[in-house]
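A.B. asks: Taken from TrEMBL, the feature active site, 4-aspartylphosphate intermediate applies to Asp389. Residues annotated as ATP binding site in TrEMBL: Asp389, Lys390, Thr391, Glu500, Phe542, Lys566, Arg595, Thr678, Gly679, Asp680, Asn758, Asp759. Look at TrEMBL and you will find Asp389, Thr391, Asp755, Asp759 tagged as Mg(2+) binding site. Per TrEMBL, domain 'P-type ATPase N-terminal' is recorded for 47-107. According to TrEMBL, the feature domain 'P-type ATPase C-terminal' maps to 808-989. The transmembrane segment feature in TrEMBL is assigned to 102-123, 300-320, 822-844, 874-894, 900-921, 928-948, 954-980.
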Amino acid sequence: WGTDVVGDGVVQCRLLEGRARAGLCCEWLRCCGGGEPRPRTVWLGHPEKRDQRYPRNVINNQKYNFFTFLPGVLFNQFKYFFNLYFLLLACSQFVPEMRLGALYTYWVPLGFVLAVTVIREAVEEIRCYVRDREVNCQVYSRLTARGQPPSSAWATSFFLFITQNQRVPADMIFLRTSEKNGSCFLRTDQLDGETDWKLRLPVACTQRLPTAADLLQIRSYVYAEEPNIDIHNFVGTFTREDSDPSISESLSIENTLWAGTVIASGKVLRLGSGSRQLTNPSPPLCAVPQIGLFDLEVNCLTKILFGALVVVSLVMVALQHFAGRWYLQIIRFLLLFSNIIPISLRVNLDMGKIVYSWVIRRDSKIPGTVVRSSTIPEQLGRISYLLTDKTGTLTQNEMVFKRLHLGTVAYGLDSMDEVQSHIFSIYTQQSQDPPAQKGPTLTTKVRRTMSSRVHEAVKAIALCHNVTPVYESNGVTDQAEAEKQYEDSCRVYQASSPDEVALVQWTESVGLTLVGRDQSSMQLRTPGDQILNFTILQIFPFTYESKRMGVIVRDESTGEITFYMKGADVVMAGIVQYNDWLEEECGNMAREGLRVLVVAKKSLAEEQYQDFEARYVQAKLSVHDRSLKVATVIESLEMEMELLCLTGVEDQLQADVRPTLETLRNHSRPRSRVWMLTGDKLETATCTAKNAHLVTRNQDIHVFRLVTNRSEAHLELNAFRRKHDCALVISGDSLEVGAGTPPERTGKLTCAVGDGGNDVSMIQESDCGVGVEGKVSEGAGGLLAAQRSVRGCQVVVLGWEVLSNHRAVFSSVFYFASVPLYQGFLIIGYSTIYTMFPVFSLVLDKDVKSEVAMLYPELYKDLLKGRPLSYKTFLIWVLISIYQGSTIMYGALLLFESEFVHIVAISFTSLILTELLMVALTIQTWHWLMTVAELLSLACYIASLVFLHEFIDVYFIATLSFLWKVSVITLVSCLPLYVLKYLRRRFSPPSYSKLTS
C-alpha cells in the first residue's frame with residue numbers, strides 16, 4: 001500500500017479471533033457462549049455490531065495455574081501406590097497406638113521426596129510459562145484512526161500489521177499487501193512440517209483500496225465457517241455493503257494465514273477465525289503427565305513388596321498366636337517393616353532422570369538437543385518399534401529433476417542437452433523464417449514433430465505450478481532494476497513444494513525460464529531472450545484430496561486459452577485420453593525411487609471458458625458444500641485431456657541415514673521393528689527404503705494386499721510369517737483392518753521420529769517422541785540411562801530390604817516384639833546422607849563406551865526384554881538382602897558383650913559399610929566422583945557419631961573390639977557376593993564384557 005507501512009515486509013491483517021488455550025480447545029470452540037462450534041460473522045465498520053465476545057488471545061501450554069499447581073502435583077504423585085503408601089504411613093504416626101518413633105522420622109523423608117518433585121515440576125512449569133510469555137508478549141502494530149500504535153494485546157476485529165519474519169499470532173484473513181505482485185509467502189514448517197513457502201493472496205476488493213486507512217471507513221463483514229481441525233481448507237466470504245451493488249468475494253485457504261506460520265516475504269492484511277492447530281483434541285505434550293515403563297515396573301514391584309510386608313506381619317502375629325489386640329499388632333508390624341519399600345528410591349530415580357536429561361542435552365553427537373520431558377529418559381534404551389517419517393526426516397526434502405518421459409522417448413540426466421536442443425530449435429525457427437522448400441525431408445518432419453512434443457511438455461511444466469520468482473538485491477544491482485531486467489543472479493524461486501521448484505529450475509536449465517509472476521500474469525523467457533506473456537485466468541491449487549493442480553492461461557501473443565494440469569497417476573489416468581503406456585512407465589519410474597507427476601493439457605474456446613468461469617464463480621460464493629460444488633465444476637473440464645509427459649524427481653537422503661538405519665536393521669532382526677511412514681506411491685516407498693538401507697537390495701519384500709476384513713488380514717499375515725527375513729509394505733487402510741478396532745496391544749514401547757507439525761500426533765501417541773530438524777541421529781544416552789536406573793533401583797531396594805530383615809530378625813529374637821531397632825536420626829541418615837551419594841553416583845556408571853553401544857546394538861536386547869528388572873532378578877536381590885540382613889543382625893547379637901546399645905552400634909555400622917560395598921560391587925566402570933561419593937558418605941557417618949550419643953555409645957566405637965567385630969560381620973556379609981561375581985564373570989560373562997576385555 002505504499003509509504004504508510006512501518007518497516008519492511010509488513011503484513012496487514014484483520015484478526016477474527018485470538019489464540020485458544022492449548023488443551024482447552026472445547027472452550028475455545030464454543031466461543032464463550034457454550035454449545036457446539038458454529039460459524040461466525042465479524043463486522044468491519046459496524047460499531048453497533050461489535051458486541052460479540054470471544055476468548056482472550058493467549059497461549060497457555062502449562063499443566064497447572066497458580067491455584068492448581070500444588071494440588072495437581074500432589075494428586076499426580078499420590079495417585080500411584082508408591083507415594084500413597086508413604087503418605088498413609090506418615091499419617092498413621094498421628095495415632096498414639098501406632099506410633100513407633102518421632103514424627104520427623106516419617107515426615108522429613110516424605111517431605112524431602114515431595115520437595116524434590118515439586119521443585120522439578122515448578123522448574124518445568126516456569127520454563128513453559130516463559131516460552132508462552134515470549135509468544136504472548138510479541139508486539140504488533142495495530143491500524144487505528146490514531147495511527148499504528150504497537151501493542152501485545154489484541155482481540156477479534158482488530159487490524160494488525162505483521163512484518164517479515166514475524167510469527168502470526170492467530171488465524172487471520174489476508175486483506176492487503178504492499179508487494180507489487182499482490183501476494184505474499186509464508187513458512188508453515190511449524191504447522192504442517194513442510195519447509196517450503198506457501199503463496200497467499202489478499203481479498204481483491206480491499207487490495208484495490210488506495211490506502212490502508214481506507215479499511216477503517218468501509219462497511220463490510222466476513223463470514224467464516226465453524227472452527228475445525230482442517231488446516232488445508234477454509235470456507236468463507238467477504239462482503240462489502242457500502243458499494244452499489246454490494247460486492248461478495250469467496251474466501252479460501254489462499255486468503256488465510258494460520259496461527260504459528262511465519263511471514264517469509266510480502267506485506268499483507270488478514271482476518272482469521274481462531275487457531276486451528278489448537279482445535280486438535282490432544283492436549284499439548286508438556287501438559288500430559290508422562291510415566292515411563294520403568295516407573296510402572298517399579299510401581300508394580302512396590303506392590304509385590306507390600307504383599308510381602310503384609311505376609312511377614314501376619315506371620316509375626318501368628319507366631320504370637322494372635323494374642324491380645326492382634327489387629328493392632330498387625331498394623332504395628334506393617335509400620336515396623338515398612339522400610340522394605342524404600343522411600344529414597346523415588347528421590348534417587350527422579351534425580352537420576354534429571355542427570356540423564358542433562359547428559360542427552362550435552363551429547364556431542366546430537367548438538368542442540370532439547371529434552372522436553374525429564375520423566376522418561378530411560379525409555380530410549382527400551383524401544384522395540386521405531387516409527388519414522390520419511391520426508392524431511394530420512395530425506396532432505398530437496399528435489400532433483402531426474403526424468404522426462406514422453407511415451408515413446410525418455411530423457412534422463414545424461415540426455416538433457418537433447419531437450420535443450422529441441423527447445424532452442426523451436427524458438428530459433430519461430431524467429432527465423434526459412435526459405436520455402438518444395439518438399440521437406442522425412443528426417444526434418446520427424447525432428448520438428450519431436451521438437452514440438454518436447455516444447456509443449458516443457459512449456460506446460462513451466463506454466464503449471466505455484467512458483468513465484470523473487471528478485472533480491474545482491475549488494476551491487478538495485479533490486480527494482482534487477483526485477484525489471486529479470487537478472488538471473490538475483491532471482492530465487494519460492495513455492496509451497498520442493499517438487500515445484502525442482503521442475504521450474506529444470507525448465508530454466510533447458511531454456512525456458514520463469515522470470516515474472518503476479519496474481520494475474522506470468523512471463524517466460526526463451527533461449528533468444530524473448531519474453532512470452534501469459535494471463536492467469538484461473539488457478540486450481542493442489543489438495544491432498546484431489547492429488548492434482550491446474551491452471552488456465554491465455555497466451556497474449558495468440559489469444560489461445562489452455563488448461564494445464566498435473567497430478568498423481570492414480571487420478572490423472574482417468575482424466576487423460578486413452579493410452580497404453582502411462583501405467584507401465586509410472587510403475588517403472590516409481591521403482592527407481594522417483595516421484596512421478598503426469599502432465600496434461602486441454603485447449604479451450606473463448607465461449608467454453610466464459611461458461612466455465614460463470615459456473616465456477618457461483619460455486620465459490622456458496623457457503624454450503626462449497627468444496628463439492630467447486631470440484632464438480634472443475635471436473636467438467638477434466639475430460640479427455642491430452643497427455644503430454646511424465647516427470648520424475650528424487651528426494652535426496654540425509655547424509656547419515658544409511659548407516660543409522662543399517663545399524664537399526666541389524667539390531668531388529670529377526671523381527672521387523674523399524675517402520676517408515678510415507679504418503680508416496682508403493683514403488684517409490686520401496687525404492688526409498690532400499691536406498692536408505694532400511695531393507696537390503698536382495699531382501700525379499702512382502703506387499704500386504706488390500707484387505708477389507710479381519711479374516712483376509714489373518715490370511716495375509718500368515719503368508720508373511722512363512723517368509724524368512726522379509727520386509728513388509730502395507731497400506732494405511734489394510735493396517736487399520738489388520739490392527740483391529742480397538743487395536744491389539746503388544747506391550748512393546750514405540751518411538752516416533754518426525755520433523756514437523758504434521759508428525760505431532762504420531763509423536764504424542766508414541767511412548768517416546770523425537771522431533772528432529774531434518775536430521776536423524778541417535779545418542780547412546782538412552783541405553784546407558786536405562787541400565788543405570790535399573791542398578792540404582794536394585795541397590796536402593798537391597799539396602800532397605802537388608803534393614804527390614806534386620807528388624808525381622810531382631811523382633812523374632814526378642815519374642816516378636818513390634819519395637820524398632822533404629823530410631824530417630826539413624827533412619828533419616830540412612831535414607832539420606834549415609835547412602836544417597838554413592839547410589840546417586842551410579843548415574844556415572846558405564847558398561848561400555850557410547851561408541852561401542854552404537855556399534856553393537858545387540859546390547860539393547862537385554863533391556864528390551866526387561867531382564868535387568870525382571871522378577872527373576874528381583875528375587876535374587878531379595879535373597880541377597882535376606883542373607884545380608886540375617887548375617888549382620890545375628891552377627892551383632894552373637895558378638896555384643898553386655899549393653900544393648902552395642903548391638904545398635906555394631907549392626908548399624910556394619911549396615912552402612914555393607915551398603916557402601918554393595919554399591920562398589922555394582923559399579924562396572926569407576927569414575928573419580930564415585931570414589932568421592934563413597935568416601936564422603938563414610939566421612940559423614942563418622943562425623944555424625946559425635947552427635948548420636950543418644951543411640952550409640954561413642955566410647956565403645958573407639959575401641960579395637962568394635963572395629964574387629966564390625967569388620968568380621970561386614971566381611972561375612974559381602975565377601976561371598978564378591979566371590980560369586982568373580983565366578984560369574986569368569987564362567988558366564990555378560991555380553992558387554994566381551995567387548996571391554
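Placed from the backbone N, Cα and C atoms, the Cβ positions cover glycine too.
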A.B. asks: Hey, what's the Cβ neighbour count for Phe542 (ATP binding site) at 10 Å?
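C.D. replies: Other Cβ atoms within 10 Å of Phe542 (ATP binding site): 20.
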A.B. asks: I'm trying to understand the geometry here, so how far is the Cα atom of Arg595 (ATP binding site) from the Cα atom of Asp389 (active site, 4-aspartylphosphate intermediate), in Å to the nearest whole number?
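C.D. replies: Here the two Cα atoms are 17 Å apart.
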A.B. asks: Please report the number of other Cβ atoms within 10 Å of the Cβ of Asp389 (active site, 4-aspartylphosphate intermediate).
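C.D. replies: Asp389 (active site, 4-aspartylphosphate intermediate): 23 neighbouring Cβ atoms within 10 Å.
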A.B. asks: Which of 102-123, 874-894, 900-921, 928-948 shares the most C-beta pairs under 8 angstroms with the transmembrane segment (822-844)?
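C.D. replies: Answer is 928-948, with the largest number of Cβ pairs below 8 Å.
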A.B. asks: Within 10 Å of the Cβ of Arg595 (ATP binding site), how many other Cβ atoms can be counted across all chains shown?
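C.D. replies: Excluding its own Cβ, Arg595 (ATP binding site) sees 21 Cβ atoms within 10 Å.
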A.B. asks: Of Asp389, Asp755, Asp759, which is closest to Gly679 (ATP binding site) if I measure between C-alpha atoms? They're all recorded positions.
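C.D. replies: The smallest Cα gap between Gly679 (ATP binding site) and any of the recorded positions is with Asp389.
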A.B. asks: Of Asp389, Thr391, Phe542, which recorded positions come within 10 Å of Asp755 (Mg(2+) binding site), going by C-alpha to C-alpha distance?
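C.D. replies: If one measures from the Cα of Asp755 (Mg(2+) binding site), the recorded positions that come within 10 Å are Asp389, Thr391.
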A.B. asks: Determine the Cβ neighbour count for Asp755 (Mg(2+) binding site): the number of other Cβ atoms within 10 Å of its Cβ.
C.D. replies: 26
A.B. asks: To the nearest whole angstrom, state the Cα distance for the pair Phe542 (ATP binding site) and Asp759 (Mg(2+) binding site).
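C.D. replies: Given the Cα positions, Phe542 (ATP binding site) is 21 Å from Asp759 (Mg(2+) binding site).
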A.B. asks: Roughly how many angstrom lie between the C-alpha atoms of Thr391 (ATP binding site) and Asp759 (Mg(2+) binding site)?
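C.D. replies: On Cα coordinates alone, these residues lie 11 Å apart.
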A.B. asks: How long is the line from the C-alpha of Asp759 (Mg(2+) binding site) to the C-alpha of the residue listed as 'active site, 4-aspartylphosphate intermediate', rounded to the nearest angstrom?
C.D. replies: 7
A.B. asks: If I take every residue in the domain 'P-type ATPase N-terminal' (47-107) and average their pLDDT values, what number comes out?
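C.D. replies: Summing pLDDT over the domain 'P-type ATPase N-terminal' (47-107) and dividing by its length gives 79.
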